[in-house]
Amino acid sequence: MAGDPILITTNIRRYRAFYYCNSVAFVASLLVIVLVQTERLIKHHVLEAAMILDLFGLIGAYAAGSCRDVSSSIYVMALAGAALIYVVIHIVFFTLELDHKDKKADEQEDELLEKRRKRLLLFTILAATITYQAGLTPPGGFLLQDDTLGHHAGDPILLHNYPVRYHAFFYCNSVSFMLSIALIILLVNPNLYRPAIRSNALSVCTAVGLFCLMGAYAAGSTQHRKTSIYIFVLVAVVLLVAAGLLLVFLLKRKLSNAVVAQPREQNEEERKKEAEEKNEDEEEAKKHARRKYLMLLGILVASVAYQAGLEPPGGAWQNNDNGHEAGNPVMHDNRRPRYLAFFYSNSISFVASIVVIIMLLPQWLPKKKEGEWEKWSLRVMNWMIRLDLFALLVAYAAGSNRGLKTSLYVVALIFAVLGYFAIHTVLACTVCRRERRQSSSVV
């Protein structure tokens, strides 16, 4: 009957496995949200056990719903186990170094570990959310009925038209999803995430997950090999731009230091050291706040751009009729210039977001250079986020409508909002100046 799931007719066992695993995950999540305020449950790690049950339910639902054969489901579930095994092996190889560090650990180090855990957890939540949805609803949609070529209703269209591209998308998306679930399982347990973060095992898994996310986007957002190559070229260009900006900032810093540097007395240097130590905590708090909002912006834009790239505006052709190929975006054939403007703007936004997230994750440089690296890399990431948001605006203007006039209205709205902020800033500065003058005249 109309409205019934196609999978319940074609493969009722697989549908039931998906349905009950997904329901268990959903109900467990709701229970965790309701019971999270009870301190006894937190002390006895009941909520952690519920979250692990939740995550395993998601794994089962994804394995059952994202493919149609048993072997692919087994491969998908094996990916999560492989990720966990890799993290354990990575930690074992660094056991001696970690034990040495644990003896000298202090409150500041624990605080830094907690901050890194939160950033990693934000990324894993992003990746798990978008890859779960993309795996269950792959790009191009599904066949609505059986055809004469032996294809069955409910099968992904991309699988039959471009099997190599579909498998590339499927396994890249699945690796990113399973890595995210494995990382969440590790991050909810303090005994596991501390050595895993210190050994950089979680950073390695996160980087692999990000690159797989880009691979899934390149394979699933287009049906042309040439366009997929362009996406990877965009990645290289964005990385070069980020490296170039960082180099420019560092060169400016060195030149300013060379001009300003003068011989100082010993007392002055001691005073400067004391002042730096006092302001160190404040600067670290400011850096953490900036890293946090940059991560949040990167996650926001990456999630919406990934979904929009895999499900472009206008939908996809469902049949091979009138010279159109099933699975191709409708707007690509009807309004090609507008589709290209949307596609490349959306791709630039997605790639820039992933680059920002990658730059926020690791601790590459030694402690002597770490402060300098963080200071200037945060400036670079600010510029990357601006590029990111500007490209997202262009993609929205191109993809949210089909007329040039409406797109111009969207651009005009952007300038109107910027004008409002400019007027508000001018008025605020004027009021502040008057208040200062009045206070100075009273004094």
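Note that Cβ sites are derived from N, Cα and C of the backbone, with glycine treated the same way.
The following features are taken from TrEMBL:
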DOMAIN    2-68  domain 'PGG'
TRANSMEM  17-36  transmembrane segment
TRANSMEM  45-63  transmembrane segment
TRANSMEM  75-98  transmembrane segment
DOMAIN    112-222  domain 'PGG'
TRANSMEM  119-136  transmembrane segment
TRANSMEM  168-188  transmembrane segment
TRANSMEM  200-217  transmembrane segment
TRANSMEM  229-251  transmembrane segment
REGION    262-284  region 'Disordered'
COMPBIAS  265-276  compositional bias 'Basic and acidic residues'
DOMAIN    288-400  domain 'PGG'
TRANSMEM  293-310  transmembrane segment
TRANSMEM  339-362  transmembrane segment
TRANSMEM  383-400  transmembrane segment
TRANSMEM  406-431  transmembrane segment
Range from 168-188, 293-310, 339-362, 383-400 with the greatest count of C-beta pairs under 8 A to the transmembrane segment (200-217): 168-188
Stretch with greatest number of CB pairs under 8 Å, the transmembrane segment (339-362) reference, 17-36, 45-63, 383-400 candidates: 383-400
Sequence-remote partners of the transmembrane segment (293-310) [C-beta within less than 8 Å, at least six residues beyond its ends]: 119, 122-123, 125-126, 129-130, 133-134, 138-139, 213, 217, 220-221, 343, 346-347, 349-350, 352-354, 356-357, 360, 378, 381-382, 385, 388-389, 392, 395, 399
For the domain 'PGG' (2-68), the number of residues DSSP places in helix, strand and coil: 54 helix, 0 strand, 13 coil
